[in-house]
Amino acid sequence: MSSIEKMELVNIVGLLKYLDDTLIQCIRSGVFHIEQSSQIAEESGAAGFVNLHEQNPYKDLLKQIISIDLDGYKLHEADTAPAAGMTDQEMKDYIADMHMRCSAFSAQIAQYTDYIAERTQALKQLEHLQGMNVDLQKLFQCSHIAIRFGKLPSDSYLKLSYYQEKTFLFLPYDDDGEYRWGFYFAPKDSITETDEIMRSLFFERIWMPDFVTGTPEQATNDLKADLESAQTELYEAHKAQQELLARESEKINAVFCKVKFLYEKFKLRSFASVYRDKFYLVGFIPAKEQDRFKKLFADIPDVSIICKPPETASHIETPVKLKNNFFTRPFSMFVEMYGLPKYNGFNPTGLVAITYTILFGIMFGDLGHGLVVSLFGFLFYKKTKNQLGAILARIGLSSAFFGLIFGSVFGFEHALDPLYHAIGLAHKPIEVMENINLILFGAIGIGVVLILISIVINTILNLKKKDYTEALFGNNGLFGLIFFGAILFMLVGTMFLKINLVKPWYILLFLVLPIVIMFFREPLGCLMEHKKYHVESVGDFIASNFFEVFEFLLSYATNTLSFVRIGGFVFSHAGMMSVVMMLSKTASAGASPIIIVLGNLFVIGMEGVLAAIQVLRLEFYEIFSRFYTESDGKAFTPVSISYDPIVE
C-alpha cells in the first residue's frame with residue numbers, strides 16, 4: 001500500500017561542450033536528483049576531476065530584470081516564445097533600455113507624487129490661516145522676532161494666562177473645537193525658552209514650506225493652480241507608463257523566464273566535475289524512470305548514461321521518495337512533518353492514513369459535520385492543491401460514517417431513526433451518553449491494538465537490520481510485546497472473562513522473565529551479535545537499567561491511557577451539540593435556526609481542529625515513537641526551475 005520508491009544511481013559522462021545541453025535534459029526530465037560529483041569521482045579512482053567554479057554570467061542581468069519597476073505587474077512562469085530568438089547581448093540591451101525607460105517614468109511619477117503631496121499638505125495648513133491678511137514670507141524674515149505656526153489644544157490655551165510675564169504672545173486665528181490654530185512670536189534671544197513652554201502645553205508646530213508666498217488667500221490660489229497642473233502631468237506620466245508596459249510586459253516576462261532558466265541551469269554546473277574536455281555528473285532517479293531518462297539524451301553526442309544500484313555509492317545517502325496510493329498520498333504530509341524514513345526503511349504513510357482516518361472519525365462522529373468537512377476539504381484542495389484539503393476530504397467521510405453509527409446529524413440525535421427502522425434496527429447502534437463504559441473501554445482497546453501493532457512493526461524492522469537488542473530485548477521488541485500482551489490478557493481475563501491468571505507460573509513466565517530480559521537487553525543483544533559487552537561500573541549498570549525498565553513499565557500504562565482521549569472527544573462532541581440544541585429550544589422561533597447554524601459552525605471549527613491536533617499527537621507520540629526511530633531521511637528533490645523573482 002505504501003512503500004519507498006526504488007532509486008537508481010545515475011552517472012553521466014560526456015564532452016564538456018555538451019554539459020549545458022545535458023543539464024537542460026536533466027531539468028526537463030523532472031526526475032533527476034543531482035549530487036556533488038567530485039567526491040564520487042575521487043573515491044572511484046578517477047583522479048584529476050575538479051569542480052567547476054565559475055561566476056554566473058546571468059546573475060547581474062537577472063537582478064536588473066527583477067529591479068525594473070513594472071507598476072504592479074508580477075513576473076511569473078510563462079512561454080518564452082517572445083524572447084526565443086534573442087541572443088544574450090540582445091537581451092542585455094533590451095533589458096537595459098526597458099530599465100532606463102521604466103526608471104525614468106518611475107522617477108517622474110515619484111517626483112509629481114511628492115510635489116502633489118507637499119502642496120496638498122500646505123493647502124490643509126493654509127485652511128486655518130485664511131483670517132490673516134499678511135505676507136507670510138515677510139513674517140519669517142523678521143530680524144528680531146521668531147514666529148511659530150501651529151495648533152494648541154483648547155485646554156492648553158486656557159493655561160497661557162499662567163505665562164503672562166513671559167515675553168511671547170500667542171494669537172489664534174481659527175478654532176475647530178479641539179484645537180486653537182494660530183501662531184506665537186517672541187524675541188529671538190528668548191525663543192528657545194518659549195519653545196519649551198509651548199511644547200509643555202502640547203503645541204504642535206506646522207512648518208510652512210518655502211514655496212508658500214504672499215497672503216494665505218493668494219498662496220491658496222497659487223497652490224490650487226499648481227496642483228491642477230501637477231495632477232495633469234502625473235496622469236500623463238502614468239498613461240505613458242501603462243502604454244509602455246502594455247506593449248512590453250509580456251516580452252519582459254519572457255526574457256525574465258529565459259534568463260531565469262539560464263541562471264538556474266548555470267548554477268547546476270557547480271555540481272559537475274571536469275577533467276580536461278570531459279565532465280562527470282551524478283545523481284538519482286526513480287528506477288521506473290530509467291528508460292525514459294536515457295532516451296532524453298539520445299540526441300546529445302558523446303554522452304553516456306550509466307545506471308547502478310544506489311548501494312554502489314555507500315558514502316552518499318540515497319534520497320527518499322514516498323510511494324503511496326490515491327488514498328494514502330495526502331497523509332505523506334504528516335510523515336514529512338515528523339521526518340522522512342531512510343532509504344530501504346519503512347514508509348508509515350499507510351498506517352498513518354488508516355489510523356488517522358479512523359480515529360478522527362470516531363472523535364468527530366457526526367454525519368452532517370463529516371460531510372461539511374469533507375466538502376470543504378474537497379473544494380479547498382481543488383482551489384489550492386494543498387494536501388491538507390485532500391486529508392479533510394477523506395477524514396470527513398470517516399466522520400460521516402461514524403456519525404451514522406452514533407446517530408447524529410448536525411446534533412439532531414434522532415434524525416436517523418427512520419433509517420434504522422427501515423433496516424430492521426430498533427434504535428441507533430450506539431447511544432453515546434448511555435454507553436459510557438463501552439466507549440471508554442473501546443477507546444483503550446483501540447489504543448492497545450495500535451500499540452501492539454507498533455511493537456510488532458518495530459520488531460520486524462529491527463530484525464531486518466539485525467539489531468537484536470531492540471528487536472528482541474527492548475521494550476518495543478519481542479519480550480516487550482510478550483510482557484504488554486500478558487498484562488492485557490491477565491486484566492481482560494480477570495475483569496471480563498472470569499479467568500484468574502494471577503498465578504505464580506503466569507507471573508514468573510510472562511511478567512517477571514520479560515522484565516529481567518529487558519533489564520539485561522544490552523548484554524543479551526551483544527551476545528546475539530557475537531560482540532563483547534563491556535561494563536565500566538556494575539553499580540551504574542544496575543541503576544541506569546533499573547530506571548529505564550521502570551520508565552518502560554510507566555510508558556506502557558501512560559501510552560495506553562492516553563487513548564482515553566478518543567472517548568473523551570466522543571462525549572465532548574455529543575455534549576457540545578446538546579448545549580447548542582438546548583439553547584435553540586430556549587430561544588424564539590426566529591432565533592432558534594440561527595443558534596443551530598452558528599452552534600454547528602462553532603463546533604465544526606473548534607472541535608474539528610482540536611480533534612485533528614489530538615489525533616496527530618497520538619500518531620506522533622504514542623505510535624511513531626515506538627518504531628519510527630530513523631526519521632532523518634533525505635528528501636528526493638529533482639532539479640527544477642523556480643520562477644520566483646529571486647536571485648540567490
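Glycine is treated like the rest: Cβ placed from N, Cα and C.
Long-range contacts of the transmembrane segment (353-379) within the same chain, counting only residues at least 6 positions beyond its ends with a Cβ under 8 Å from a Cβ of the stretch, are 2, 324, 327-328, 331, 334, 388-406, 408-411, 416, 443, 446, 450, 565-566, 569-570, 573, 577, 600, 603-604, 607-608, 611-612, 614-616, 618-619, 623. Taken from TrEMBL, the feature transmembrane segment covers 353-379 (among others).
Remote same-chain partners of the transmembrane segment (391-412), defined as residues 6 or more beyond its termini with a Cβ less than 8 Å from a stretch Cβ, comprise 327, 330-331, 333, 353, 356-358, 360-362, 364-378, 380-381, 420, 427-432, 570, 573-574, 577-578, 580-581, 596, 599-600, 603, 612. The transmembrane segment annotation in TrEMBL covers 391-412 (among others).
Here TrEMBL flags 438-461 (among others) as transmembrane segment.
What TrEMBL records for 473-497 (among others) is transmembrane segment.
Residues or ranges marked as transmembrane segment by TrEMBL: 503-520 (among others). Panel annotation: around the transmembrane segment (503-520), residues 473-475, 479-480, 482-483, 486-487, 490, 545-546, 549, 552-553 of the same chain, lying at least six beyond its termini, place a Cβ under 8 Å from a Cβ of the stretch.
Annotation comment: TrEMBL describes 563-583 (among others) as transmembrane segment.
Sequence annotations record features per position, and here TrEMBL assigns transmembrane segment to 595-616 (among others).
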